[in-house]
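Asks: Supplied in structure tokens, the structure appears directly below.
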Amino acid sequence: MAELCPLAEELSCSICLEPFKEPVTTPCGHNFCGSCLNETWAVQGSPYLCPQCRAVYQARPQLHKNTVLCNVVEQFLQADLAREPPADVWTPPARASAPSPNAQVACDHCLKEAAVKTCLVCMASFCQEHLQPHFDSPAFQDHPLQPPVRDLLRRKCSQHNRLREFFCPEHSECICHICLVEHKTCSPASLSQASADLEATLRHKLTVMYSQINGASRALDDVRNRQQDVRMTANRKVEQLQQEYTEMKALLDASETTSTRKIKEEEKRVNSKFDTIYQILLKKKSEIQTLKEEIEQSLTKRDEFEFLEKASKLRGISTKPVYIPEVELNHKLIKGIHQSTIDLKNELKQCIGRLQEPTPSSGDPGEHDPASTHKSTRPVKKVSKEEKKSKKPPPVPALPSKLPTFGAPEQLVDLKQAGLEAAAKATSSHPNSTSLKAKVLETFLAKSRPELLEYYIKVILDYNTAHNKVALSECYTVASVAEMPQNYRPHPQRFTYCSQVLGLHCYKKGIHYWEVELQKNNFCGVGICYGSMNRQGPESRLGRNSASWCVEWFNTKISAWHNNVEKTLPSTKATRVGVLLNCDHGFVIFFAVADKVHLMYKFRVDFTEALYPAFWVFSAGATLSICSPK
């Protein structure tokens, strides 16, 4: 039966560490005692977490008894009780059957020798010599003998002065045969039987307690091991963070050095001009000073002929006032460097603020599981071999769209470009990092509308995909429900079941953004799809298959759809929808566009085909217009 030992842990509740009692199973597949799990969730409250894997449930799951596991536990407990304990397993100590030599009972007849037996009728203890009459005389034949008993008075009933030969488990006391009348509703037993029963109960309790002590020891070891794992993980992450911050400090130091050098170079340039001007002015001053001295000297001459000869020469020499040319620092350059530094500081503050915000839980309702995305089993449009063979470029983390630059215009230090190069090096070793994709997604969620418009593309509706009930106008940028069926010529890409139309161009890589104006905001949808999406039947409707993703307005309800799974969204008064498609990092975001952009829903998907903008209109008067950037 040694194989039952490892099974004991599998059949134990991780909350109470005991074998399952009325076991129930959670949706995530873990088993617990029904009472343990109910008490845990009652204290915990919403949201409800699985005590083992920490899976989150917004609503309390409906629990049912696991009858198969219950039967297995019962059979295990029966087998566990039936099997003999192995040699290396602890067993309770045996109860002493005879008094120790130090606690001998004296003979009540001679008071010298040690008693060998006690007569429960005579209520006396006898040595071997004085016990002989009980063996020889017929009068003593029915007297029960027991090993020597100390303090016989305790064996007598104080009420009836009779020997207490029975034990009442209900009142936990020994009673005589006359007391049985008062305990007729109880279940008394003989002293030997009651002693054996209690001994068996206590032995089993000790065995259970020993098992619990072992379980507690294992739990303590497990907690210590988990603490060690947490400590090692935290230390490893701290080292990684320190490395990242060291690199950021190096970038900041390099930026500071470059900016300081540019300003110093500008200072040197201006001072060099001032030095040149100073030398010119010094020479000019010397020339004027020499001319002044010559004039003063000529005025001292008394000979008129000599004076006229000298003065006529000096009179022809002209002088001009001293002129200082305009020389200033390049204030535009200095202001640009200073403003770029302020912008960088503000960007850092915003990034630090986002880091300090509480992280959303894993059960984010505004996010779709990429595992639910599959290829359509009924392709209509084939994808070229070149597209299938083409590899995705390594994802690059999106940096703020307007990072500052430093230095003179001819030698700019672009931190954004430096960040992209560093990110490209990082992604070369981890091309499919989920954490990197999550960071890029968070970066785009924090962008403003002007920043999103940097990725704007012009969407043209494809005439060959439009349903006969969809009218196209305004140079194929407006789709509406036609009052009369349109006589479009047959085409294999045309929708025949749902009033839908696709964009003309597909997108396999890169980042793309477009906006759609909704009129009437009723019975319409905006999304994306693979070119292989069905064009016929109910599965061709946007979001009702694995090849399309959309946000849909149906009466007053707004929903996100994919793979025929609906997620109800909060209502919005915005009449314009922005769609951001990031093929490289695998996500599409739907924004409600007003004065600011607000998140409606996001899907994270590892796209496998080229994607087309997709639109659905149904109700009369419903119109979708492709917007121009404003």
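Yeah, the Cβs are placed from backbone N, Cα and C, and that goes for glycine too.
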Asks: For the feature zinc finger as recorded in Swiss-Prot, pick the matching range from 13-54, 139-180, 181-222, 307-348.
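Replies: It is 13-54 that Swiss-Prot describes as zinc finger.
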Asks: Using DSSP, tally how many residues of the zinc finger (13-54) sit in helix, strand and coil.
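Replies: Within the zinc finger (13-54) the tally stands at 11 helix, 9 strand, 22 coil.
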Asks: Which residues of the chain, 6 or more past the ends of the zinc finger (13-54), have a CB below 8 A from one of its CBs?
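Replies: Distant Cβ neighbours of the zinc finger (13-54) are 60-61, 63-66, 69-70, 73, 76-77, 212, 215-216, 219, 361, 363.
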Asks: Over the region 'Interaction with influenza A virus NS1' (180-450), what does the predicted model average in pLDDT?
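Replies: The predicted confidence over the region 'Interaction with influenza A virus NS1' (180-450), as a mean pLDDT, is 75.
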Asks: Specify all same-chain residues, apart from the site residues Cys13, Cys16, Cys33, Cys36, whose Cβ lies within 8 angstroms of the center of the Cβ atoms of the Zn(2+) 1 site, ordered by sequence.
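Replies: Same chain, not in Cys13, Cys16, Cys33, Cys36, Cβ within 8 Å: Ser14, Ile15, Leu17, Glu18, Phe20, Lys21, Phe32, Ser35, Leu37.
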Asks: Taking 10 A as the limit, how many CB atoms besides its own sit near the CB of Cys36 (Zn(2+) 1 binding site)?
Replies: 21
Asks: Quick one: of the recorded positions Lys117, Lys273, Tyr278, Lys567, which has its CA closest to the CA of Cys16 (Zn(2+) 1 binding site)?
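Replies: Closest by Cα: Lys567.
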Asks: What three-state secondary structure does DSSP assign to Lys567 (N6-acetyllysine)?
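Replies: The three-state answer is strand.
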Asks: Between C-alpha atoms, which of these recorded positions comes nearest to Cys33 (Zn(2+) 1 binding site): Lys117, Lys273, Tyr278, Lys567?
Replies: Lys567
